[in-house]
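These notes concern the structure reproduced below.
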Amino acid sequence: MNEKIKLTEIPELTAIVDNEENKKEGINVSSLFVNSSKVINWKCEKEHSFKEKVSLMYRRKHKCFYCTGRQVLSGENDLKTLYPELAAEFDIEKNNITPDKISPKDTGLYWWTCKNSHPSFQQSVEHRVSRNTICPYCTGRKIISGKSDLETLFPEIAKEWDTSKNNGILPSEVSPYSYTSYNWICPKGHSYKKKVIKRTKFHKPIDCPKCVKAYSTSFPEQAIYYYAKKCFPDAINRYKEPFEKGMELDIYIPMYRLGIEYDGIAFHNDEGQHDRERRKYLACQEMGIRLVRIKESKDTWEDTADDIFYIKKRMKDIELSAFLSFLFGSLFSFSMYTFNTDNSKDAYLNSHYGFPTDFDISRDRPEILEYLIDIDDSFGSQYPELASMWCKEANGRVTPFMFTSGSNFMATWECPKCGKTWKSPICSIVSRKAKSCKECSMKANGLTNTRVKTQKNGSLAEKSGLLLRQWDYKKNGNLSPYEIPLNYSFKVAWKCDRCGYEWSSSPNSRMQSNKKISDCPHCTGRVPMSGVDDFETLYPELAKEWNHDLNKVLPSQIKPYSNHKFYWNCPKGHKPYVSTSGSRINGHGCPLCARAIVGAKNSKKIGQYDDNDTLINTYQSLHEAARALQVVPNAIFQAVKSGRKSKGFYWRYITD
């Protein structure tokens, strides 16, 4: 035990005891044990004198405070003496202490100056000595706004900073060499996360992962991954983890250990490619991964995958949609019977009763094409005048600079003359050099085509007396029924010669399948005439309850007995309700008001009578009587209404 060991029994401690000073203070060292808390005088071999408890000196292996640096001795172990260059950066004014009184092992924070006139910074002495650190502004770990921040040094990269997703942090507040990951938006609108230093110091021509992927993938491959992610949410793109360096799977589905490889037309039938495919297949077999290959060109290699599908290089949207439906149907069946997983039941149901998603390339193309980037010799750069018709709103993030001039991409275009939008493939716009929509082109190229058709097939006036009688000469202006053919496809004005109803439609739309001409829509009862037989004119009181906010038409535009449902306002302030105009005319109104009326009727007192018409019992309401006799209320209600029995009794309302 330590309490039995005397101080004099430890030669290392006895050697540094200051006997002279201890005698002066009357301390008997020979009577002290090593666990004593007595403070005595000590002197090391370098003549450093200090005071300390005996127990602490014993536990600390008999080391001198000054020699170990725990206490500062100016001129010997202080910061200024041992590290003069570092002491020169010590900010005496802010620290209120000089460096000759600071230990190099001090862990407290102190202010330091920079020889490059940067602002003062705080660091511990121990940190600066042990790690040989320099000014954080010089290393870029701290920034000076307007001088060393990201926005100042790398303005082009700072333009892609996503302030909204970075919690309001600005690029002017971030170091260009920070290892923190932040959110960025590439020029194509793709959002991604990356460390700042990887964008500045280790910058690549393209940093956006989606844009990088677009350089090496075709549209069918993008579509396959897009739908794979919908059918199998855990699908991974470009899976590399278990393979040797340089080998990866285009798509990997961990749940079913299923790999998908897409081989474009660029993969030629050479032995080198065959060997690479075979090695990848062997690696998949060793790891228990079922490999599926999709190829744009046929070959004789059957030892490169478990299943191989062949597709055409160029496919219409409907063809690609059908292929994807077939492909993923096969993948679901593979996952059902090939792998023993807990989700085999779900896979079975999916393969027999439909997928988690449907396949429609035309509908989903904008989302799939979000991976595309600008290309050289694009349609937009070769035909800027045609590209000016590109409808930015309808096409989303897809631009004319992402496609070649011969692309079959079905884009939306906006006519610069009339503002009308239409869909057409890019190659079609290029081939006919369209500068406007078809209607404007026909009008511009003129009445020449119209006159040719009129001379060849006869004019509208010659072919139909009905249309000639209903022609509105006033509204059609200079357009004559003798100058246009019967199948003229532009709208013209008409006026019925019997009822005076006016409307507009193309002559072509009035031609029915049985080669008859459709008559006036008002005379045939299809539409009302405003101010004559419309709902508002015939039923003005009901029209006052019309809900103008929710209905897309006016009460003057509908027939009195229309089968369409409309919104109506309740005069008593109840919420709007839906009803046909015919139901309103027949007396039906607000359902809440109707329930209140029925409730009032049901709350009347009702009497129970026997066969002798003697009152047996009185109930406060029909519902109370129904509960007492354990019968539905409607049974008693029908008995009152028809005068017949219910539960063996007659029933009548009692009026006070």
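Glycine is treated like the rest: Cβ placed from N, Cα and C.
Keep in mind that TrEMBL annotations are predicted by a computer and have not been checked by a curator.
For reference, TrEMBL has these:
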type	residues	note
DOMAIN	21-70	domain 'Treble clef zinc finger'
DOMAIN	86-141	domain 'Treble clef zinc finger'
DOMAIN	157-212	domain 'Treble clef zinc finger'
DOMAIN	386-443	domain 'Treble clef zinc finger'
DOMAIN	467-526	domain 'Treble clef zinc finger'
DOMAIN	542-595	domain 'Treble clef zinc finger'
For a three-state summary based on DSSP, what are the helix, strand and coil counts in the domain 'Treble clef zinc finger' (157-212)?
14 helix, 11 strand, 31 coil
Integer mean pLDDT for the domain 'Treble clef zinc finger' (386-443):
82
When the domain 'Treble clef zinc finger' (21-70) is classified with DSSP, how many of its residues are helical, how many are strand and how many are coil?
13 helix, 11 strand, 26 coil
